[in-house]
Structures are given as structure tokens and as C-alpha cells.
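J.: Sharing a structure here in C-alpha cells format.
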Amino acid sequence: MKTRLLTPGPTPLPEEVRLTLAMDMVHHRKEGFTALLGEIQQGLKWLFGTEQPVIPLTCSGTGAMTAAVGNLFKPGEQVLVIEGGKFGERWGEIAGTHGLDCAVMTVPWGKAVTVEHVETALKNYPDAKGILIQASETSTGVLHPIKELAAFTRERDLMLVVDGISAVGISPCPMDEWGIDCLLTGSQKGLMLPPGLAFIALSERAWKRVEEIKPRNFYFNLLGERAKIMVNNQTNFTPAINLLMGLSTCLDLFQERTMEEVFRTQWALTQMARAGAKALGLELLAKDHYTWGLTSIRLPAGVDGAVLLKACAERYGVVMAGGQGHLKGRIVRMGHMGHVDFADVMAGLYALAQGLKLTGGHSGSRDYLERAMEAFETSLADGPPADLC
Ligand SMILES: *Cc1c(COP(=O)(O)O)cnc(C)c1O
């Protein structure tokens, strides 16, 4: 049986990428590789929508979150953390470890924050130097309004730090156009690579802040990394060479397809998963503001999520994720980011329906696959709504 990885990271790999990853080592200070890093830099800037350098880091996504906090803020400074899920919580943990004065604004899991709420919260925290938020909160499937928030923060002396780990390459998040101060992502979600690389870019004013603060990190030292990449097309330490070669292949694939096309497909897959789940009689966790790379689906009362997920994997080869924190066992998170197509989502919906039958929760219509495909076709033709782009 074929295994289908429908998890919100890691995601499946295109064959071209797997073949690149299988190549022999090259040396990271020699000309061939530095030329490749130069090309990758252009590709990453294009992907992030920025004129600023995009720094590759050898670590998982959380490493880039740590780098952001450690380089942009001094211990004792205040930040506002938007916490609407597991990864929002992580911002708070990282900021706390770094000795920041952390003001946490909780948002009900499944809901997006609003600019008005942030504005009100900031009245109590006039000294806040930045806002730490997810573009897409992967634990709930919520898409936060980054464009609107950036329009708000760019007028103020307030850094907008965006964890785009399940957004970059999945839904629009053009850094310079929107006015984001720090955008970061990891390799194993939308970018169709194995885990092990992260990327971080800062706005002009964010770089000024880093220059003033002069952070003392040895490893995640963004000033040092910027100098090295801009002058020599190198990284300060040995990077994950084969992952960077794989990234070059991924960027080629993105450029051939165009981001417009990638976003259109991600949008259509999302509509497909949502329509299918609804036709199965299921409720969606993120109702209005949902991400384009995963769909979080509530399970009917009495259905054991762990049993259902195990059945999907063992009987149909479909690997999906469950809930985290208080949502453990209560939701299914179907990933459809990266190298995933309509046939994968169809397999996901079918496995889910069968899993529900086994666990006593199936109550929806029999034509859920047709409805899902209809939603896919219509959304592919119409494209995503302009206000989200
Ligand atoms: C996956 C994910 C992370 C964690 O990334 P790691 O690579 O596991 O460190 C953080 N934030 C978001 C939004 C994610 O989706």
C-alpha cells in the first residue's frame, strides 16, 4: 500500500527533490556551492517578497523563532504574544526563556485575532516593542490577519514578528508589500523539503534594531550571517548542504509553476477538504479565517481520535495528525500543503469517512467525494478572494 503523508509537516517530497537530495557532498566554501547559494538567495527573496536578504539557518523552524526573539529584543523588553494555539504558546515560551517581559493575549483556539483586539490590548502594554504571532496557527488551522496587522504596526514603533512556517509558499504573505518586520519559515511544510532548514528575513527597520541591540548570540547571530551571505554567499557555519541543494530544486519548481498558481491550487485543495468534511456531517474548527495548508476537523462526540487516525493509517495508508493540547483526540488535522494534490485529499476524505464508520461517527451524505471535487473545480476556476492576497 502507498503511504500518503497528509500531516501539516513534514510533507511529501517531489521526485526531483528526492533525486537532488541523493547527490554526493560538495564543499560549502568552494565556488560551485557559493554560486548555488547566490542563486538560492535570489529565489528566497522572490519567495518571501522582499528586497532584504533571507538568512538560511540550519535548524528546525523553532530555531528561526528563537533567532528572531534573540536578535530583535533585549532581555527585559516587553512583547505582545498572540496566543491562539500551540505555536502561539511557543512564542511565549521562547520569549520567556530569553528574559522578555511577555504580555500574552489569548485568542480562543479556532478563532483569528483582530486588529481592534490587538489595539485594545496594547493600551495596557504601551511599552511593547513587538508583536509575536503566527501567520497560520498550525495547531488549529487558523489564518491570522497579517496584512491588516502589518498596516497597523508599520505606522508604529512596533516590530511585527511573523512565524510563517505553515504559510510561506502556501498562502500569500508578501513581506515588503505588507510591511512585515520579521518573516520566518521552516523547510518541511510548504517548501517540500525534509526538516532541518529554516529561513528568516528582517525589514530595514528591524535590521536597524538588531544593529542597535548588538545581540551576543554565537550561533543564531543574524548580523554575522547577513554579512557572510551578502559578501561571500556563504553561511558562518557548515550548513545542511544537501538540503540547500534540494531547496534550489524546490525554488525552480515554484518558479516554473508561479506562486499565483501555487496559491490558487492551495486554495482549491482547502475548499475541497472543507466541502468534503462538511458533507460528511462534520464541523470545522476554524470557521471564517482558515489556513490554506491544512484543515482542522472536529470529531463527533464519542469518537476516539487516536483510534480513527490509526485506522486511517493502517487500512488506507493515509497519515493525518490529531489535535494538540486540549484538542487532543477531538480533532483531525488533514495537511494539504507542499507536494499534495486533489487525489491525496480525496484519499484523505475517504479514509476519514471509513475511519468514522469504524468508530461510530459517520452520519453525512454518501456523495461527499463528488461535493469535494466540485468545490475543488469551482475554487480552482475562481481563484482565492482578492482581499486575502
Ligand atoms: C511546524 C511549526 C512550527 C515548529 O517547527 P519545527 O520545525 O517543528 O521547529 C512552528 N510554528 C508553526 C506555525 C508550525 O507550523
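Glycine too: its Cβ is placed from the backbone N, Cα and C atoms.
On a predicted model such as this, the values are computed, not experimentally measured, just so you know.
So TrEMBL lists these for the protein:
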type	residues	note
DOMAIN	24-324	domain 'Aminotransferase class V'
MOD_RES	Lys189	N6-(pyridoxal phosphate)lysine
BINDING	Arg333	substrate binding site
J.: Which of the listed recorded positions (Lys189, Arg333) has the least company, meaning the fewest other Cβ atoms within 10 Å of its Cβ?
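T.: Comparing Cβ neighbours within 10 Å for the recorded positions Lys189, Arg333, Arg333 has the fewest.
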J.: Restricting attention to the domain 'Aminotransferase class V' (24-324), give the mean pLDDT.
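T.: A mean pLDDT of 97 is what the model gives the domain 'Aminotransferase class V' (24-324).
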J.: Using Cα coordinates, what distance in whole Å links Arg333 (substrate binding site) and the residue listed as 'N6-(pyridoxal phosphate)lysine'?
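T.: Distance between the two Cα atoms comes out at 14 Å.
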